[in-house]
Amino acid sequence: MERDEVSTSSSEGKSQEEAPMAEGLEPTEPIAFLKLFRFSTYGEIGWLFFGFIMCCIKALTLPAVVIIYSEFTSMLVDRAMQFGTSSNVHALPLFGGGKTLTNASREENNEALYDDSISYGILLTIASVVMFISGIFSVDVFNMVALRQVTRMRIKLFSSVIRQDIGWHDLASKQNFTQSMVDDVEKIRDGISEKVGHFVYLVVGFIITVAISFSYGWKLTLAVSSYIPLVILLNYYVAKFQGKLTAREQESYAGAGNLAEEILSSIRTVVSFGGEKSEVQRYENFLVPARKASQWKGAFSGLSDAVLKSMLYLSCAGAFWYGVNLIIDDRNVENKEYTPAILMIAFFGIIVGADNIARTAPFLESFATARGCATNLFKVIDLTSKIDPLSTDGKLLNYGLRGDVEFQDVFFRYPSRPEVIVHRGLNIRIRAGQTVALVGSSGCGKSTCVQLLQRFYDPVFGSVLLDDLDIRKYNIQWLRSNIAVVGQEPVLFLGTIAQNISYGKPGATQKEIEAAATQAGAHEFITNLPESYRSMIGERGSQLSGGQKQRIAIARALIQNPKILLLDEATSALDYQSEKQVQQALDLASKGRTTIVVSHRLSAIRGADKIVFIHDGKVLEEGSHDDLMALEGAYYNMVRAGDINMPDEVEKEDSIEDTKQKSLALFEKSFETSPLNFEKGQKNSVQFEEPIIKALIKDTNAQSAEAPPEKPNFFRTFSRILQLAKQEWCYLILGTISAVAVGFLYPAFAVIFGEFYAALAEKDPEDALRRTAVLSWACLGLAFLTGLVCFLQTYLFNYAGIWLTTRMRAMTFNAMVNQEVGWFDDENNSVGALSARLSGEAVDIQGAIGYPLSGMIQALSNFISSVSVAMYYNWKLALLCLANCPIIVGSVILEAKMMSNAVVREKQVIEEACRIATESITNIRTVAGLRREADVIREYTEEIQRVEVLIRQKLRWRGVLNSTMQASAFFAYAVALCYGGVLVSEGQLPFQDIIKVSETLLYGSMMLAQSLAFTPAFSAALIAGHRLFQILDRKPKIQSPMGTIKNTLAKQLNLFEGVRYRGIQFRYPTRPDAKILNGLDLEVLKGQTVALVGHSGCGKSTCVQLLQRYYDPDEGTIHIDHDDIQHDLTLDGVRTKLGIVSQEPTLFERSIAENIAYGDNRRSVSMVEIIAAAKSANAHSFIISLPNGYDTRMGARGTQLSGGQKQRIAIARALVRNPKILLLDEATSALDLQSEQLVQQALDTACSGRTCIVIAHRLSTVQNADVICVIQNGQVVEQGNHMQLISQGGIYAKLHKTQKDH
């Protein structure tokens, strides 16, 4: 639809803050965490409370294990050294342990130690069972609620966006909602799922363990825990900084995603003007802020991790020294305040609590990220639409609508450009059943009237009346159900032809669909297609020619049988014969209903009951055609500017009515019997009826989504990823060394810890203090080394991962934009699907060399070193401790397998949801005009619910497997120390070696479990890498010739200059059963202007696309001068010779100057050249009249300009290129007659001295061509200049006569 006045966001010269911003998108502070659960039902709140209780129960096992472990190890020291019972114990006596002994013999101590071991094993087994059961619910409950939450979030966000008014969409054009629905919502899910349960478990565990430590020994606890406030503050500020960095990162990625969508949806324009390299560079520039923010996040994470772990070992050093001093001071006191048991409980309570707090850091980061992502999303969700299309409010007329329309003193300006006034007191009255044409220069406000009547916008002042009632009083759905519109640039949706027509009347029968298509002149070409009405039309109708799309759009409007028909350049893309047929159908359809016509064609407006000439936002003239011609005013001048002169002899020859009708019938028959076909093809087909169509499309998608993916070779994929990251190898090597060092450090601490128990057993206080001092210094050294290597490990792997992600995004985008155009015709490569791959899989791949790989290397190092140390001290106990490893490894492998099987299907369904979202939001005007809001919301909801099902299947065993891994470690503690106690009681093992072996191996196995938990992320990274490498490895079918291009003697002797098509046979790759060109031969000599004419869909534009090498012919050759464009010229060499102005010009979300300069991406185009090109295209005057002139932003896809203004910018863009060959594909179809004459003069001047190929239905634009070629049945059937073809009296002459009389 035409947009009549520039209405853009701020120019580049203005700051971002000055630019108008859509409501709900203003920057704001992150929301409170609990508000993330705002979409929970009462039942889900109950589940959350239950999950919280389970987390608390699970947390209680921590202090219980601390007490049990401390009591047992204290008894171990007492029994082994025959000190007697130095501590009162409370847990061990529950199952026969903890007997009090005084002056007992070694045998009695050994028997008591045996009982202690059995009691310890039973108690810890009970704790393991409790942890297992509570752990299952603490994971699954939060995952379940989070999944339901984000499903609702996605649906509510999409629904809110779809329900917003068009003015809001104009302002929000830079916001990438599709990416937000995928990435941002997924980050919210990550922040409110099982991580909440883990966080509650850690915090509650911290509180309880610290409280118990204080209750047992407040002096030691106070001394050791003095650093905990520092830990809490550090976590708080790190989370705060990372939240801000995350917001910056998301903003950058949103900009990159928006650019990617714009470029991929406009790939033909990008390719035509050689913009691939510059767009890739712009995309990379968008990624820079995100990369820098991520690097800072990595640095903060590394610093936090280093400080927390260093403080942990420092506290151990302090606890060792201070605790031993307290015990020695109390050795000779009868009522001892500190004993080994109390020391262990207080010490372990603080260590476990501090470790819990340290482990909350990544969770806090996830929560901060979730809050940041949710802030703007929730504002959009909460936003109340000013014009809500799904509102049930408003009046519905039960008695029917008459159709009286009146614009009453209307003042209007677009929300995105409030300083530009479009209407200035517009007054128009249209009686029911009248046909009224709105005319005027391009950009005067005609199409704005159409949009106001549809209530896309509301007037700033004044009112639009329908049956004497302000349209704001009517229900919007009811209002739009009585209005049908056919726009200048028709938008069709991915699906079948039948489905697209039925969108005008949901539930229409096949008979009604065919009747509407016949009335619109589309039935003939549809039935000539192999799949007829079941034929798929591609994304945005890409499988159809412009004329075919327009006829489908007209059929879609006619099937609605509206009270008011709005025709905004409805026949601009049709040839004149088709236009006559369709115009007759529209004239017939106009009977009995109010019709408003916006057109530059005299044939479309001459028969109107009233013609309204609009100038400067006001009505300048109105009346019938004859009245206005008699007035000889502005309308008269506009009509005269479009007159076409014909030779007198031809007029006489064809003056007899019968002869004219016979000629028309012959011409019509010749076109109707030709093999009308798609200009591009499709893959799938479905049945006719609407319900069956949707069911079969859904089934097809389901089969596609559920098809087993090609199994990737993980080793080869990982090798390629490492090769891709070779620039970061030095970081990876140093990071690997650091990760290995971290893995070695804990076994070293376990040995120190075991020696500390030996120090407690020293009877001489001096020896005990001396050994403790050495161990404390060793802990200090360990703290320093741990801090250093932890920082390096986290930062370096994050650094390498971020660079890999950034590089992979850029490389994938580069590979996409360099594919041949036919690749984008495949529905599997829709814009939404490709954007989802860029934003999703390129992020997933970071797991291959980022933190997951780091954790796995650390765990492997730790496990190997732990096994080595344990085997050194006691191989029997070591093997027993390793018994839980198969359980852990098996659990993780099982989980990884289940997740990897679901991840590809999940991504495919998400891509389909993204396609629906992208298609709907991008074409929101068409969605609104067709009242499809509820339909697209339902379709999107169905896909998102399928995503929920797949994720639920993926996570169904998550709680069990996670709890198995954690509980198995506790159970292993029970078995290991129980058996170790037996060995000590039998004199086979020193007691301190039990501590060394068990601590070393059990921590190693837990680390193995934690690292193997990264396996799903690592597996997902390899799957993502495999899918991205498929894109990177794909060689475009259209490439520059290989090797050196030779200048052969034959080429030197070939003196031909110009463009030559020889024996061209062609079918579109996605439509191999439909032949487009059948042996076409055509020569365009250097400097000639050659026009191609023929029926809509005959293949005229195909000739241009083959010349641009969008496709290559199946047979035959195309030459530019003496060079075969396939074998003798590079792609760039071909396209730099060409300048294109297409029927539906695509402009970018940039300034007018940047869009014009886009015509030549090989160099920096000066402002002088830009202005000169604009003047040549008759665009300079309207550009400088804008407040920001050439710096005016264009809006998404140039929506801030009228159709005529966009076309003139496109012409200027082609002229600035100074091409050798100029291609004009309906270059003036969107212009009013006056502007067309001026622009045509400019084009005539531009064509002077260069070769031009012109495609046009309006013969006024081609009558001065040197050669005119009529294409029929894929061949040139007539050619000559205008006078020659007229004198021949053939097809062209009859077509010309038709237009003259029309």
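In case you wondered, yes, glycine gets a Cβ from its N, Cα and C as well.
Of Ser40 and Cys978, Swiss-Prot records each on a different side of the membrane.
In Swiss-Prot, the feature N-linked glycosylation site is attached to one residue out of Asn103, Asn828, namely Asn103. Distance noted between the C-alpha atoms of Cys1098 (ATP 2 binding site) and Ser441 (ATP 1 binding site) is 31 Å.
The stretch in 732-753, 777-798, 957-977 that contributes the largest number of Cβ pairs under 8 Å to the transmembrane segment (853-873) is 732-753. Counting residues 6+ beyond its ends, the transmembrane segment (732-753) has Cβ neighbours under 8 Å at 313, 316, 722, 725, 775, 778-779, 782, 785-786, 789-790, 792-793, 796-797, 800, 849, 854-855, 857-866, 868-869, 995-996, 999-1000, 1003-1004, 1007 in the same chain.
Between the C-alpha atoms of Ser441 (ATP 1 binding site) and Ser1096 (ATP 2 binding site), the distance comes to 27 Å. If you measure from the Cα atom of Ser1096 (ATP 2 binding site) to that of Ser447 (ATP 1 binding site), you get 25 Å. In this structure the alpha carbons, written CA, of Gly1097 (ATP 2 binding site) and Cys444 (ATP 1 binding site) are 32 Å apart. Under DSSP, Lys1100 (ATP 2 binding site) is assigned to a helix (H, G or I) in the three-state scheme. The CA atom of Ser1101 (ATP 2 binding site) is located 27 Å away from the CA atom of Ser447 (ATP 1 binding site).
His1095 (ATP 2 binding site) and Ser447 (ATP 1 binding site) have their C-alpha atoms 27 Å apart, to the nearest angstrom.
Within 10 Å of the C-beta of Gly1099 (ATP 2 binding site) there are 30 other C-beta atoms, taking all protein chains into account.
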